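Contents: one structure, followed by commentary.
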Amino acid sequence: MTTMTTTPLWCDRCGEAATAAAHPACASARQLEPPRFCPDCRRRMKVQVLPVGWSAVCVEHGEIRG
Amino acid sequence: MPEILDQARTQVLGDGVGLDQAGVLAVLNLPDEHLPAALQLAHDVRMRWCGPEVEVEGIVSLKTGGCPEDCHFCSQSGLFTSPVRSVWLDIPSLVEAAKQTAATGATEFCIVAAVRGPDARLMKQMREGVAAIKAAVDIQVAASLGMLTKEQVDDLVDMGVHRYNHNLETCRSYFPNVVTTHSWEERWETLRMVRDSGMEVCCGGILGLGETVEQRAEFAAQLAELNPHEVPLNFLNPRPGTPLGDRPVVEGKDALRAIAAFRLAMPRTILRYAGGREITLGDLGTRDGLLGGINAVIVGNYLTTLGRPANADLELLNELKMPVKALSATL
């Protein structure tokens, strides 16, 4: 599993810049959604939701799980 | 007491005969002050005709995204700008998901694929996956793979799939506003073949797609005519990038009115909380629905979104003294 950056460059829900503005609506929605965009490179990730947990894979930055 | 609730007490609670479309509409139009009475009556109906047990189910997506259909609520359609990408679940992960589901006490595990209907590759994956699950986990396997041919229905029966989900989604008159790539009648035809095969029919839909209250009543009446074993009741969770992505969520009281009304239309069916309840009803509303006609839940996560932790639902059922249906009771 690859470790992504601790300071995200991109919002993992909407894919817009994470550094320019806060994303309160995305942060709220993310409580009931897995990430969709890689926070490092903005690529759409391959996401598999399971009954318990999820996994998201960026082709460049690897897999994260939640 | 409103006249419709008096009628329902005699007809539905007393005789087990569901309300017709006009009766359902009257319940859906009840003012807020009569909602507690409607929920109590729906709960009494559920307890009398179904009993106190709650059927617990987990679901998993075997094939996510890239669907050729245009169901306007769905983030898995390949026709919209949704961020959901296509992905397949391998069989070891499918079996692990079934184990996770069984560990919650669930008796049902539904395998879902985002397709118009299954192709040979998907049917092969299903055959291998269902066999692997049955070899490793003590749980009933259901499936939801879109529209089927008669041969595919027979194949699923042969695999040991005991229940098939195929939602009509909304009433016949509103369906063309929600889906244009296939018809309500095509879905009905799959349901007819499933029914004829002996598999249990699971058919429900989504409230909050833009349908009127009258169309909600129409939908309940059409489901009652189908008489499915199970009705999963979803509330729209607007998904980014879909045509319905900007729709408001259903008001909590309207959702509870619908739960009561659907129970009064179908006194004996398994009425299951499915997607969207977290954002529509929250914790308090979830409890109200379980005391207002609901007798089944999906625990854990959904197909592309997350649910409440299974423990939270199981603790609530324990607090409400609603026993989880045992596996032996479904066999």
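Note that Cβ sites are derived from N, Cα and C of the backbone, with glycine treated the same way.
In the three-state DSSP scheme, B:Cys71 ([4Fe-4S] cluster binding site) falls into the coil class. Around the Cβ of B:Cys71 ([4Fe-4S] cluster binding site), a 10 Å sphere holds 24 further Cβ atoms from the protein chains shown. Residues or ranges marked as [4Fe-4S] cluster binding site in TrEMBL: B:Cys67, B:Cys71, B:Cys74.
Around B:Cys202 ([2Fe-2S] cluster binding site), the C-beta neighbours below 8 angstroms that are at least 6 residues distant in the chain are B:Cys110, B:Ala142, B:Ser144, B:Arg163, B:Tyr164, B:Asn165, B:His166, B:Pro228, B:His229, B:Glu230, B:Val231, B:Pro232. In the three-state DSSP classification, B:Cys202 ([2Fe-2S] cluster binding site) falls within a strand. Residues or ranges marked as [2Fe-2S] cluster binding site by TrEMBL: B:Cys110, B:Cys202, B:Arg272.
Residues annotated as domain 'Radical SAM core' in TrEMBL: B:52-277.
Annotation for B:Arg272 ([2Fe-2S] cluster binding site): spatial neighbours B:Glu55, B:Glu57, B:Gly204, B:Glu230, B:Val231, B:Pro232, B:Leu233, B:Ile294, B:Asn295, B:Ala296, B:Val297, B:Ile298, criterion Cβ-Cβ under 8 Å with sequence separation of six or more. Same-chain residues that are not part of B:Cys67, B:Cys71, B:Cys74 yet have a Cβ within 8 Å of the Cβ center of the [4Fe-4S] cluster site turn out to be B:Glu69, B:Asp70, B:Phe73, B:Ser75, B:Gln76, B:Ser77, B:Ala114. In sequence order, B:Glu57, B:Ile59, B:Glu108, B:Ala142, B:Ser144, B:Arg163, B:Asn165, B:Gly204, B:Glu230, B:Pro232, B:Ile270, B:Ala274, B:Ala296, B:Ile298 are the residues of the same chain, not among B:Cys110, B:Cys202, B:Arg272, whose CB sits within 8 A of the CB centroid for the [2Fe-2S] cluster site.
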